[in-house]
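Each remark here refers to the structure printed beneath this line.
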Amino acid sequence: AMATAGPRSFSAAEVRARCAQGACLVSCRRRLYDLSGFVRLHPGGEQLLRRRAGTDVSAALDGPPHRHSENARRWLEQYYVGDIEPGDEQVPPRGRTGTGGTRAVGGAGGHTASAGCLRCWHYNPRLLPQDLVDWQKPLLWQVGYLGEKYDEWVHQPVDRPIRLFHSDFLEFLSKTAWYVVFLVWTPVVLYLSWVSYTSLAQGNTRLFSSFTTEYSIPVHKYYFPFIFLLGMILWSLLEYLIHRFVFHMKPPASNYYLITLHFLLHGQHHKSPFDSSRLVFPPVPASLVIGFFYGVLRLLLPEVLGLSVFVGGLCGYVIYDMMHYYLHYGSPKKGTYLYGLKAYHVKHHFEHQKSGSFGISTRFWDYPFRTLIPEETFKKED
(Lines of atoms letter the chains of each structure in order from A and count residues from 1; the text may use other names and numbers.)
(Lines give C-alpha, C1' and ligand atoms only; values in the text may rest on other atoms or scores of the structure.)
Protein backbone atom coordinates (compact mmCIF):
# COMPACT_ATOMS: atom_id res chain seq x y z
CA ALA A 1 0.00 0.00 0.00
CA MET A 2 1.20 3.50 -0.79
CA ALA A 3 2.01 5.68 2.20
CA THR A 4 0.12 8.93 2.36
CA ALA A 5 2.20 12.08 2.52
CA GLY A 6 2.23 13.80 5.91
CA PRO A 7 1.67 17.50 6.48
CA ARG A 8 4.24 19.84 5.02
CA SER A 9 6.84 21.36 7.35
CA PHE A 10 7.65 25.08 7.39
CA SER A 11 10.75 26.68 8.84
CA ALA A 12 10.42 29.81 10.97
CA ALA A 13 12.39 31.70 8.32
CA GLU A 14 9.92 30.66 5.62
CA VAL A 15 6.98 31.76 7.75
CA ARG A 16 8.58 35.16 8.37
CA ALA A 17 9.35 35.57 4.67
CA ARG A 18 5.77 34.80 3.64
CA CYS A 19 4.37 37.20 6.22
CA ALA A 20 6.74 39.90 4.95
CA GLN A 21 5.18 39.39 1.51
CA GLY A 22 1.68 40.04 2.86
CA ALA A 23 0.49 36.58 3.91
CA CYS A 24 -1.14 36.13 7.31
CA LEU A 25 0.25 32.94 8.81
CA VAL A 26 -0.28 32.09 12.46
CA SER A 27 0.46 29.00 14.48
CA CYS A 28 -1.13 27.14 17.36
CA ARG A 29 1.71 25.19 18.89
CA ARG A 30 3.32 23.57 15.87
CA ARG A 31 0.27 23.68 13.61
CA LEU A 32 0.42 26.43 10.98
CA TYR A 33 -2.60 28.22 9.49
CA ASP A 34 -2.89 30.55 6.51
CA LEU A 35 -5.54 33.17 7.36
CA SER A 36 -4.81 35.42 4.38
CA GLY A 37 -8.27 34.85 2.91
CA PHE A 38 -10.01 35.32 6.25
CA VAL A 39 -8.49 38.52 7.62
CA ARG A 40 -11.21 40.80 6.20
CA LEU A 41 -13.89 38.68 7.82
CA HIS A 42 -12.33 38.42 11.26
CA PRO A 43 -14.81 39.75 13.86
CA GLY A 44 -12.03 41.49 15.79
CA GLY A 45 -10.92 43.37 12.70
CA GLU A 46 -8.31 42.80 10.02
CA GLN A 47 -5.55 44.73 11.78
CA LEU A 48 -5.76 42.53 14.86
CA LEU A 49 -4.90 39.46 12.78
CA ARG A 50 -2.30 41.34 10.74
CA ARG A 51 -0.47 42.30 13.94
CA ARG A 52 -0.36 38.64 14.94
CA ALA A 53 0.95 37.36 11.60
CA GLY A 54 3.95 35.11 12.16
CA THR A 55 3.13 34.48 15.81
CA ASP A 56 1.75 31.69 17.95
CA VAL A 57 -1.85 32.54 18.91
CA SER A 58 -2.45 29.69 21.36
CA ALA A 59 -2.91 31.95 24.38
CA ALA A 60 -4.90 34.53 22.37
CA LEU A 61 -7.53 31.90 21.57
CA ASP A 62 -8.40 31.75 25.27
CA GLY A 63 -8.48 35.53 25.68
CA PRO A 64 -8.77 38.10 26.96
CA PRO A 65 -10.37 39.99 25.35
CA HIS A 66 -12.34 37.09 23.85
CA ARG A 67 -12.39 33.38 24.60
CA HIS A 68 -12.83 31.59 21.28
CA SER A 69 -15.53 28.94 21.09
CA GLU A 70 -15.04 25.36 19.95
CA ASN A 71 -16.70 26.30 16.66
CA ALA A 72 -14.16 29.08 16.18
CA ARG A 73 -11.32 26.65 16.83
CA ARG A 74 -12.90 24.15 14.47
CA TRP A 75 -13.21 26.95 11.90
CA LEU A 76 -9.48 27.63 12.25
CA GLU A 77 -8.70 24.06 11.15
CA GLN A 78 -10.01 24.81 7.66
CA TYR A 79 -6.91 26.97 7.08
CA TYR A 80 -4.36 24.40 8.25
CA VAL A 81 -1.40 24.22 5.85
CA GLY A 82 1.26 22.27 7.73
CA ASP A 83 3.51 22.18 10.77
CA ILE A 84 6.37 24.30 12.07
CA GLU A 85 9.66 22.40 11.92
CA PRO A 86 10.65 20.91 15.29
CA GLY A 87 12.75 23.32 17.31
CA ASP A 88 11.46 26.40 15.48
CA GLU A 89 8.15 26.73 17.27
CA GLN A 90 7.68 28.88 20.32
CA VAL A 91 4.53 28.39 22.36
CA PRO A 92 3.68 31.35 24.62
CA PRO A 93 3.08 30.65 28.28
CA ARG A 94 -0.35 31.11 29.75
CA GLY A 95 -1.16 34.82 30.21
CA ARG A 96 -0.33 38.08 28.45
CA THR A 97 2.97 38.77 26.75
CA GLY A 98 4.57 41.91 25.48
CA THR A 99 2.98 41.42 22.06
CA GLY A 100 -0.62 41.13 23.21
CA GLY A 101 -0.75 37.43 24.07
CA THR A 102 1.36 36.17 21.14
CA ARG A 103 5.00 35.25 20.63
CA ALA A 104 6.82 35.21 17.33
CA VAL A 105 7.34 31.88 15.61
CA GLY A 106 11.02 31.15 15.88
CA GLY A 107 11.57 34.14 18.16
CA ALA A 108 14.20 34.14 20.85
CA GLY A 109 13.71 34.10 24.58
CA GLY A 110 10.57 31.95 24.77
CA HIS A 111 9.83 28.93 26.91
CA THR A 112 8.05 25.86 25.69
CA ALA A 113 4.73 25.50 27.50
CA SER A 114 3.90 22.39 29.44
CA ALA A 115 1.20 20.15 28.06
CA GLY A 116 -1.45 21.34 30.49
CA CYS A 117 -0.92 25.12 30.45
CA LEU A 118 -2.88 25.82 27.27
CA ARG A 119 -6.32 24.85 26.08
CA CYS A 120 -5.29 24.85 22.44
CA TRP A 121 -7.71 23.02 20.15
CA HIS A 122 -6.46 19.62 18.99
CA TYR A 123 -7.64 18.70 15.52
CA ASN A 124 -10.10 15.82 15.40
CA PRO A 125 -11.55 14.87 11.97
CA ARG A 126 -14.70 13.53 13.66
CA LEU A 127 -15.49 17.07 14.80
CA LEU A 128 -15.63 18.27 11.18
CA PRO A 129 -18.61 16.28 9.89
CA GLN A 130 -18.96 17.99 6.53
CA ASP A 131 -18.64 14.53 4.95
CA LEU A 132 -22.17 13.76 6.17
CA VAL A 133 -23.32 15.34 2.90
CA ASP A 134 -21.92 15.38 -0.61
CA TRP A 135 -20.76 18.96 -1.20
CA GLN A 136 -20.48 18.29 -4.91
CA LYS A 137 -24.28 17.95 -5.10
CA PRO A 138 -27.14 20.30 -4.08
CA LEU A 139 -27.55 20.16 -0.30
CA LEU A 140 -31.24 20.97 0.07
CA TRP A 141 -32.46 17.45 -0.73
CA GLN A 142 -29.72 15.78 1.35
CA VAL A 143 -30.03 17.47 4.75
CA GLY A 144 -33.39 15.92 5.59
CA TYR A 145 -31.75 12.51 5.74
CA LEU A 146 -29.36 13.63 8.50
CA GLY A 147 -32.11 13.13 11.07
CA GLU A 148 -30.86 13.53 14.63
CA LYS A 149 -27.41 14.56 13.32
CA TYR A 150 -28.81 17.61 11.51
CA ASP A 151 -28.98 20.01 14.46
CA GLU A 152 -25.34 19.52 15.43
CA TRP A 153 -24.15 19.50 11.81
CA VAL A 154 -25.92 22.71 10.77
CA HIS A 155 -24.50 24.61 13.75
CA GLN A 156 -20.90 23.73 12.91
CA PRO A 157 -20.06 26.48 10.39
CA VAL A 158 -17.74 26.05 7.42
CA ASP A 159 -16.12 28.45 4.99
CA ARG A 160 -17.41 27.22 1.65
CA PRO A 161 -20.24 28.15 -0.75
CA ILE A 162 -23.51 26.24 -0.76
CA ARG A 163 -25.58 25.03 -3.69
CA LEU A 164 -29.21 24.33 -2.86
CA PHE A 165 -30.95 23.28 -6.08
CA HIS A 166 -30.31 21.10 -9.11
CA SER A 167 -32.05 23.67 -11.31
CA ASP A 168 -29.80 26.56 -12.36
CA PHE A 169 -32.86 28.82 -12.51
CA LEU A 170 -33.98 28.06 -8.95
CA GLU A 171 -30.41 28.37 -7.76
CA PHE A 172 -30.22 31.81 -9.40
CA LEU A 173 -33.41 32.91 -7.64
CA SER A 174 -32.05 31.74 -4.27
CA LYS A 175 -28.93 33.93 -4.39
CA THR A 176 -28.37 37.65 -4.67
CA ALA A 177 -25.73 40.33 -4.23
CA TRP A 178 -26.27 42.74 -1.33
CA TYR A 179 -26.70 45.81 -3.53
CA VAL A 180 -29.60 44.24 -5.44
CA VAL A 181 -31.78 44.51 -2.33
CA PHE A 182 -30.95 48.21 -2.05
CA LEU A 183 -31.53 48.89 -5.76
CA VAL A 184 -34.84 47.02 -5.87
CA TRP A 185 -36.52 48.18 -2.66
CA THR A 186 -35.22 51.72 -2.10
CA PRO A 187 -37.20 53.16 -5.07
CA VAL A 188 -40.28 51.32 -3.74
CA VAL A 189 -39.79 52.90 -0.29
CA LEU A 190 -39.38 56.38 -1.78
CA TYR A 191 -42.40 56.07 -4.09
CA LEU A 192 -44.73 54.64 -1.44
CA SER A 193 -43.58 57.29 1.05
CA TRP A 194 -44.61 59.98 -1.45
CA VAL A 195 -47.94 58.26 -2.09
CA SER A 196 -48.61 57.94 1.65
CA TYR A 197 -47.77 61.56 2.43
CA THR A 198 -49.78 63.05 -0.43
CA SER A 199 -52.75 60.81 0.40
CA LEU A 200 -52.67 61.90 4.03
CA ALA A 201 -52.45 65.52 2.86
CA GLN A 202 -55.92 65.18 1.30
CA GLY A 203 -57.34 64.98 4.84
CA ASN A 204 -59.63 62.01 4.22
CA THR A 205 -57.92 59.49 6.50
CA ARG A 206 -59.48 58.92 9.93
CA LEU A 207 -58.95 56.32 12.63
CA PHE A 208 -61.94 54.31 13.92
CA SER A 209 -64.19 55.69 11.17
CA SER A 210 -65.55 52.19 10.55
CA PHE A 211 -66.90 52.11 14.12
CA THR A 212 -67.99 55.72 14.68
CA THR A 213 -67.95 58.94 12.70
CA GLU A 214 -68.52 61.20 15.69
CA TYR A 215 -65.40 60.14 17.58
CA SER A 216 -63.11 59.16 14.70
CA ILE A 217 -59.62 60.68 14.78
CA PRO A 218 -58.23 62.53 11.73
CA VAL A 219 -54.73 61.54 10.62
CA HIS A 220 -52.86 64.59 9.32
CA LYS A 221 -49.98 64.57 6.88
CA TYR A 222 -47.68 65.79 9.66
CA TYR A 223 -48.15 62.46 11.39
CA PHE A 224 -46.49 60.60 8.52
CA PRO A 225 -42.89 60.63 9.95
CA PHE A 226 -44.17 59.19 13.24
CA ILE A 227 -46.25 56.52 11.49
CA PHE A 228 -43.22 55.70 9.33
CA LEU A 229 -41.08 55.36 12.47
CA LEU A 230 -43.73 53.13 14.03
CA GLY A 231 -43.46 50.85 11.00
CA MET A 232 -39.69 50.63 11.47
CA ILE A 233 -40.10 49.76 15.15
CA LEU A 234 -42.69 47.11 14.34
CA TRP A 235 -40.30 45.67 11.77
CA SER A 236 -37.50 45.42 14.37
CA LEU A 237 -39.84 43.42 16.60
CA LEU A 238 -40.93 41.24 13.69
CA GLU A 239 -37.29 40.70 12.75
CA TYR A 240 -36.59 39.41 16.26
CA LEU A 241 -39.66 37.17 16.43
CA ILE A 242 -39.11 35.59 13.00
CA HIS A 243 -35.43 35.03 13.69
CA ARG A 244 -36.03 33.44 17.07
CA PHE A 245 -39.22 31.43 16.61
CA VAL A 246 -39.20 30.58 12.89
CA PHE A 247 -35.57 30.55 11.77
CA HIS A 248 -34.40 28.93 15.00
CA MET A 249 -37.09 26.37 15.44
CA LYS A 250 -35.66 22.90 16.02
CA PRO A 251 -37.19 20.59 13.44
CA PRO A 252 -38.07 17.06 14.62
CA ALA A 253 -35.27 14.65 13.75
CA SER A 254 -37.80 12.30 12.16
CA ASN A 255 -39.36 14.91 9.85
CA TYR A 256 -37.47 15.12 6.54
CA TYR A 257 -39.59 18.00 5.22
CA LEU A 258 -39.28 20.26 8.27
CA ILE A 259 -35.51 19.76 8.33
CA THR A 260 -35.39 20.65 4.64
CA LEU A 261 -37.55 23.73 5.23
CA HIS A 262 -35.39 24.85 8.14
CA PHE A 263 -32.25 24.54 6.04
CA LEU A 264 -33.86 26.49 3.20
CA LEU A 265 -35.04 29.31 5.49
CA HIS A 266 -32.01 29.75 7.72
CA GLY A 267 -29.95 26.61 8.31
CA GLN A 268 -27.92 27.22 5.14
CA HIS A 269 -26.81 30.59 6.54
CA HIS A 270 -25.60 29.07 9.79
CA LYS A 271 -23.78 26.31 7.96
CA SER A 272 -21.97 28.78 5.69
CA PRO A 273 -22.16 32.20 7.38
CA PHE A 274 -19.76 33.90 4.96
CA ASP A 275 -21.38 32.79 1.70
CA SER A 276 -21.71 36.34 0.30
CA SER A 277 -24.51 35.44 -2.11
CA ARG A 278 -26.78 34.19 0.69
CA LEU A 279 -26.59 36.98 3.27
CA VAL A 280 -29.61 38.99 2.09
CA PHE A 281 -33.15 37.99 1.05
CA PRO A 282 -33.44 37.51 -2.75
CA PRO A 283 -36.06 39.92 -4.21
CA VAL A 284 -38.34 37.30 -5.78
CA PRO A 285 -39.13 35.26 -2.63
CA ALA A 286 -38.92 38.47 -0.57
CA SER A 287 -41.69 40.05 -2.65
CA LEU A 288 -44.04 37.21 -1.68
CA VAL A 289 -43.39 37.71 2.04
CA ILE A 290 -43.59 41.49 1.75
CA GLY A 291 -46.87 41.22 -0.15
CA PHE A 292 -48.29 39.05 2.61
CA PHE A 293 -47.51 41.60 5.32
CA TYR A 294 -48.92 44.41 3.19
CA GLY A 295 -52.16 42.45 2.89
CA VAL A 296 -52.32 41.98 6.67
CA LEU A 297 -51.89 45.72 7.28
CA ARG A 298 -54.57 46.52 4.70
CA LEU A 299 -57.00 44.34 6.63
CA LEU A 300 -56.16 45.83 10.02
CA LEU A 301 -55.80 49.54 9.22
CA PRO A 302 -57.33 52.19 6.94
CA GLU A 303 -55.74 52.01 3.49
CA VAL A 304 -53.43 55.04 3.67
CA LEU A 305 -52.52 54.47 7.32
CA GLY A 306 -51.71 50.84 6.62
CA LEU A 307 -49.57 51.89 3.65
CA SER A 308 -47.69 54.40 5.83
CA VAL A 309 -46.91 51.77 8.45
CA PHE A 310 -45.98 49.30 5.72
CA VAL A 311 -43.49 51.60 4.01
CA GLY A 312 -41.78 52.28 7.35
CA GLY A 313 -41.51 48.55 7.92
CA LEU A 314 -40.17 48.05 4.40
CA CYS A 315 -37.49 50.67 5.05
CA GLY A 316 -36.62 48.86 8.28
CA TYR A 317 -36.26 45.61 6.33
CA VAL A 318 -33.87 47.21 3.81
CA ILE A 319 -31.74 48.63 6.63
CA TYR A 320 -31.76 45.21 8.33
CA ASP A 321 -30.57 43.39 5.21
CA MET A 322 -27.83 45.95 4.52
CA MET A 323 -26.70 45.83 8.13
CA HIS A 324 -26.71 42.03 8.18
CA TYR A 325 -24.40 41.93 5.19
CA TYR A 326 -22.12 44.52 6.79
CA LEU A 327 -21.97 42.58 10.07
CA HIS A 328 -20.51 39.66 8.11
CA TYR A 329 -18.29 41.46 5.59
CA GLY A 330 -17.72 44.94 7.00
CA SER A 331 -14.78 46.08 9.12
CA PRO A 332 -16.22 48.61 11.59
CA LYS A 333 -13.82 50.66 13.69
CA LYS A 334 -13.11 49.25 17.14
CA GLY A 335 -15.19 50.86 19.84
CA THR A 336 -18.05 51.88 17.53
CA TYR A 337 -21.67 50.71 17.82
CA LEU A 338 -21.34 48.57 14.69
CA TYR A 339 -18.13 46.97 15.98
CA GLY A 340 -19.97 45.79 19.08
CA LEU A 341 -22.95 44.67 17.02
CA LYS A 342 -20.70 42.68 14.68
CA ALA A 343 -19.00 40.91 17.59
CA TYR A 344 -22.43 40.23 19.10
CA HIS A 345 -23.77 38.73 15.88
CA VAL A 346 -20.70 36.57 15.30
CA LYS A 347 -21.15 35.10 18.78
CA HIS A 348 -24.62 34.10 17.65
CA HIS A 349 -23.11 32.16 14.75
CA PHE A 350 -20.23 30.51 16.55
CA GLU A 351 -21.26 30.05 20.17
CA HIS A 352 -24.84 31.05 21.04
CA GLN A 353 -26.74 29.82 17.99
CA LYS A 354 -29.72 28.52 19.94
CA SER A 355 -29.78 30.46 23.18
CA GLY A 356 -29.56 34.16 22.40
CA SER A 357 -28.54 37.16 20.31
CA PHE A 358 -31.60 37.00 18.04
CA GLY A 359 -31.62 40.74 17.36
CA ILE A 360 -29.58 41.66 14.28
CA SER A 361 -30.09 45.32 13.44
CA THR A 362 -30.51 46.07 17.16
CA ARG A 363 -30.05 44.31 20.48
CA PHE A 364 -33.06 46.12 21.95
CA TRP A 365 -35.53 43.21 21.86
CA ASP A 366 -33.01 40.81 23.41
CA TYR A 367 -33.42 42.73 26.66
CA PRO A 368 -37.18 42.31 27.34
CA PHE A 369 -37.16 38.75 25.95
CA ARG A 370 -34.09 37.90 28.07
CA THR A 371 -32.00 36.50 25.23
CA LEU A 372 -29.10 38.92 25.60
CA ILE A 373 -25.70 37.25 25.49
CA PRO A 374 -23.77 38.04 28.71
CA GLU A 375 -20.42 39.78 28.51
CA GLU A 376 -17.39 37.55 28.97
CA THR A 377 -15.44 37.86 32.19
CA PHE A 378 -11.90 36.71 32.90
CA LYS A 379 -10.37 35.90 36.24
CA LYS A 380 -7.29 37.88 37.12
CA GLU A 381 -4.19 35.74 37.17
CA ASP A 382 -1.56 35.87 39.89
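Please read every residue number as a count from 1 along the shown chain.
Using N, Cα and C of the backbone, Cβ positions are placed for all residues, glycine too.
Taken from TrEMBL, the feature heme binding site applies to HIS42, HIS68. The Zn(2+) 1 binding site annotation in TrEMBL covers HIS243, HIS248, HIS266, HIS269, HIS270, HIS324, HIS328, HIS348. Feature annotation from TrEMBL assigns Zn(2+) 2 binding site to HIS345, HIS349. Under the heading compositional bias 'Gly residues', TrEMBL lists 97-107. What TrEMBL records for 7-85 is domain 'Cytochrome b5 heme-binding'. Here TrEMBL flags 84-107 as region 'Disordered'. Taken from TrEMBL, the feature transmembrane segment applies to 177-197, 222-242, 279-301, 307-327.
When the binding-site residues HIS42, HIS68, HIS345 are compared by Cα distance to HIS270 (Zn(2+) 1 binding site), the shortest distance belongs to HIS345. Note on proximity: of the binding-site residues HIS42, HIS345, HIS349, the one nearest HIS248 (Zn(2+) 1 binding site) is HIS349, by Cα distance. Beyond its flanks by at least six residues, the transmembrane segment (222-242) meets 193, 196-197, 200, 293, 305, 308-317, 319-320, 358-362, 364-366, 369 of its own chain at Cβ-Cβ distances under 8 Å.
You'll find the Cα of HIS349 (Zn(2+) 2 binding site) roughly 9 Å from the Cα of HIS269 (Zn(2+) 1 binding site). Each residue contributes its Cα atom, and for HIS269 (Zn(2+) 1 binding site) and HIS345 (Zn(2+) 2 binding site) these two points are 13 Å apart. Residues 173-176, 178, 180-181, 184-185, 238, 269, 307, 309-310, 313-314, 317, 321-322, 324-325, 328-329 of the same chain lie 6 or more positions beyond the ends of the transmembrane segment (279-301) yet place their CB under 8 Å from a CB of it. Residue density at HIS270 (Zn(2+) 1 binding site): 20 other Cβ atoms are found within 10 A of its Cβ, drawing on all protein chains shown.
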